[in-house]
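Chemist: Grabbed the feature section from TrEMBL, which reads as follows:
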type    : residues                          : note
DOMAIN  : 39-74                             : domain 'EF-hand'
BINDING : Asp52, Asp54, Ser56, Phe58, Glu63 : Ca(2+) 1 binding site
BINDING : Asp91, Asp93, Asp95, Lys97        : Ca(2+) 2 binding site
Amino acid sequence: MSMTDLLSAEDIKKAIGAFAAADSFDHKRFFQMVGLKKKSPDDVKKVFHILDKDKSGFIEEDELGFILKGFSSDARDLSAKETKTLLAAGDKDGDGKIGVEASSPNLSWAFGVINVSMLSNLLLYSRVDFR
């Protein structure tokens, strides 16, 4: 399965372009722009599995640095600062990785979705209107 089986290639291209500059990555806006706002928790998990390059069931810090390439092979790498910010947002238990089956009580308000990964947590937060 590829990312474009789940998300629009056009939306991915626009999102990658919007964050082409170094240190411009905003995970909430990016995940919204690629269309994850409209996806089911199952589809979010499928995205997680695509991004989990070593298929460990976790996305570790070194994999997060290349997360944009999981959406488009010609995307840039995240800077060390962007990677650490993304990890801090998703790694709520402090183990240095984001797991697919980690339970997060923080998700109870995110459209009733419970028992998804911390990355799903990041992705689903983009579904909330913060206006």
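Backbone N, Cα and C define each Cβ position, glycine as well.
Bear in mind that TrEMBL entries carry predicted annotations, made automatically and left uncurated.
Values in this document were obtained by computation on a predicted structure and should not be read as measured data.
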Chemist: Using C-alpha atoms, which one of the binding-site residues Asp91, Asp93, Lys97 comes nearest to Glu63 (Ca(2+) 1 binding site)?
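Modeler: That would be Lys97, nearest by Cα distance.
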Chemist: DSSP helix, strand and coil counts for the domain 'EF-hand' (39-74)?
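Modeler: Across the domain 'EF-hand' (39-74), the residues distribute as 19 helix, 3 strand, 14 coil.
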Chemist: Cβ neighbours within 10 Å, counted over all protein chains: which one of the binding-site residues Glu63, Asp93 has the most?
Modeler: Glu63
Chemist: Cα-Cα separation of Asp54 (Ca(2+) 1 binding site) and Asp93 (Ca(2+) 2 binding site), in Å?
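Modeler: Just about 21 Å between their Cα atoms.
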Chemist: At the Cα level, what's the spacing in Å between Asp91 (Ca(2+) 2 binding site) and Asp52 (Ca(2+) 1 binding site), rounded?
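Modeler: About 15 Å separate the Cα atoms of these two residues.
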Chemist: For Lys97 (Ca(2+) 2 binding site), what is the tally of other C-beta atoms lying within 10 angstroms of its C-beta?
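Modeler: There are 22 such Cβ atoms around Lys97 (Ca(2+) 2 binding site).
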Chemist: Determine, for the Ca(2+) 1 site, the additional residues of the same chain whose CB lies within 8 Å of the mean position of the CB atoms of Asp52, Asp54, Ser56, Phe58, Glu63; present them in sequence order.
Modeler: Lys53, Lys55, Gly57, Ile59, Glu60, Lys97
Chemist: I'd like to know the mean pLDDT over the domain 'EF-hand' (39-74).
Modeler: 91
Chemist: Spatially, which candidate from the binding-site residues Asp93, Asp95, Lys97 is nearest to Asp52 (Ca(2+) 1 binding site), comparing Cα atoms?
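Modeler: Comparing Cα positions, the candidate nearest Asp52 (Ca(2+) 1 binding site) turns out to be Lys97.
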